[in-house]
Amino acid sequence: MEIFKLINQELQRQQDQIELIASENYVSEAVLRATGSVLTNKYAEGTPNKRYYGGCEYVDQIELIAIEKLKKLFGARHANVQPHSGSTANAAAYLALLQPHDKVLAMGLNDGGHLTHGSKVNFSGKIYDFYHYNVDPNTYLLDYDEILKKAIEVKPKLIVCGASNYSRAIDFAKFRQIADHVSAYLMADIAHIAGLIVAGYHQNPVEYCDIITSTTHKTLRGPRGGIILTNREDLIKKIDSAVFPGELGGPLMHVIAAKAIAFDEALQPKFKTYIKNVIDNSKAFCEAFINKGYQIIANGTDNHLFSINLFKKFNLTGDLVENWLYQANIVVNKNMIPYDSNKSMNPSGIRLGTAAMTSRGLVQSDFVQIADWIDQIIKAKGDLNVINKVKSEVKKLLVKYPIYQDRDY
């Protein structure tokens with residue numbers, strides 16, 4: 001069938017290309033097995049032991065295992081594993097805490113925030129009244145004093161911290177102080193850094209934030225999905241009711257099973273080693289660009305990602321460089337940078353991440369080599385001879401790091 005042919009072609013693409021998109025990763029064979037299991041046949045509207053359908057005795061056990069493992073990972077009192085994505089987790093969190101047109105303060109999209117943090121084209125910006133804080137225009141770092149001033153001015157009901165493109169550590173304790181000062185709820189969207197948090201390489205928001213949302217892929221290395229956490233007893237029912245029946249009908253039980261497996265994998269000692277390698281690789285990768293004279297947003301990284309300003313020094317846009325690199329089998333994504341004068345489809349930057357290729361086994365020296373390849377292509381302004389030379393070297397490198405060797409669709 002044509003679909004299976006295309007899946008095999010996608011498998012080959014993943015094998016042959018260097019994946020530097022910060023929101024992508026490679027799941028384990030066990031996670032793949034669960035995602036493609038017979039659990040996809042089962043409708044299980046409701047929550048464990050409170051379903052609206054019969055025949056749920058096994059999926060009840062699966063969901064309860066997922067919940068308990070997730071609570072253990074974060075040290076949280078309560079967890080909901082049903083959201084289909086990070087966006088639906090955020091939507092449910094807002095539904096639990098807010099009324100339409102309530103004020104919310106979140107990170108600006110260009111500064112590193114997410115569409116669901118109040119973009120005017122997103123449901124969040126249409127239903128709620130979002131205001132935004134920005135990074136410092138010189139350092140591109142969060143300025144907590146300025147965020148406090150903005151919070152006092154806006155008087156939001158909810159403050160959202162967390163980002164989709166911020167390379168430095170986030171101080172949840174400081175955000176808690178700001179939220180308390182204006183009597184606001186505090187929500188952390190940790191979609192990108194969840195893996196770092198559970199491995200102990202980033203401050204845990206659970207003790208500081210009223211509600212925490214995340215994806216289960218990215219650095220957590222699970223299936224595509226979302227989660228919600230809280231330590232507040234008075235919010236548990238509101239959160240669960242916001243997910244079902246407020247937002248979702250039937251949960252995806254095959255994905256919840258895959259989440260449970262990924263959570264168990266993240267509880268193992270080798271996951272902490274993996275995350276340390278992700279961060280070490282990211283720092284080495286970033287430093288290689290700094291040594292070549294590139295402008296790195298926030299002048300470095302504390303996590304799995306960083307962004308490069310291509311426009312200031314090279315007068316290049318992210319879409320152009322993304323295309324050049326893709327021709328050489330290097331996959332990145334174009335990205336807006338703080339205070340960007342360009343539009344979203346031809347922004348000034350690219351974003352790079354190390355989580356996926358670290359999963360494949362690449363080490364710091366490999367990332368230094370990749371930085372050199374990217375530098376060659378950028379400085380040659382996409383010359384095809386340079387692109388083809390790099391592409392052949394990329395293929396030689398990746399032969400040493402195969403993925404899903406026994407898979408065939």
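FYI, residue positions are counted from 1 along the chain as it appears here.
Cβ from N, Cα, C; glycine included.
Per Swiss-Prot, the feature (6S)-5,6,7,8-tetrahydrofolate binding site maps to LEU109, GLY113, HIS114, LEU115; the stated evidence is sequence analysis. Annotated N6-(pyridoxal phosphate)lysine per Swiss-Prot: LYS218, in sequence order, evidence recorded as sequence analysis. If you look up Swiss-Prot, you'll see HIS217 marked as site 'Plays an important role in substrate specificity'.
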Quiz item: When a 10 Å sphere is centred on the Cβ of HIS114 ((6S)-5,6,7,8-tetrahydrofolate binding site), how many other Cβ atoms does it contain?
Solution: 23
Quiz item: Of all the binding-site residues given, namely LEU109, HIS114, LEU115, which is spatially nearest to the residue listed as 'N6-(pyridoxal phosphate)lysine' at the Cα level?
Solution: HIS114
Exercise. Starting from the Cβ centroid of LEU109, GLY113, HIS114, LEU115, which together make up the recorded (6S)-5,6,7,8-tetrahydrofolate site, report each further residue of the same chain whose Cβ lies within 8 Å of that point, ordered by sequence.
Key: ALA106, MET107, GLY108, THR116, HIS117, GLY118, SER119, ASN122, SER164
Quiz item: Can you tell me how far the Cα of LEU109 ((6S)-5,6,7,8-tetrahydrofolate binding site) sits from the Cα of HIS217 (site 'Plays an important role in substrate specificity'), in Å?
Solution: 21
Quiz item: Reported as an integer number of Å, what is the Cα distance between HIS217 (site 'Plays an important role in substrate specificity') and GLY113 ((6S)-5,6,7,8-tetrahydrofolate binding site)?
Solution: 18
Quiz item: Per 10 Å Cβ neighbour count, which of the binding-site residues LEU109, LEU115 ranks highest?
Solution: LEU109
Quiz item: Where does the residue listed as 'N6-(pyridoxal phosphate)lysine' sit in the DSSP three-state scheme?
Solution: helix
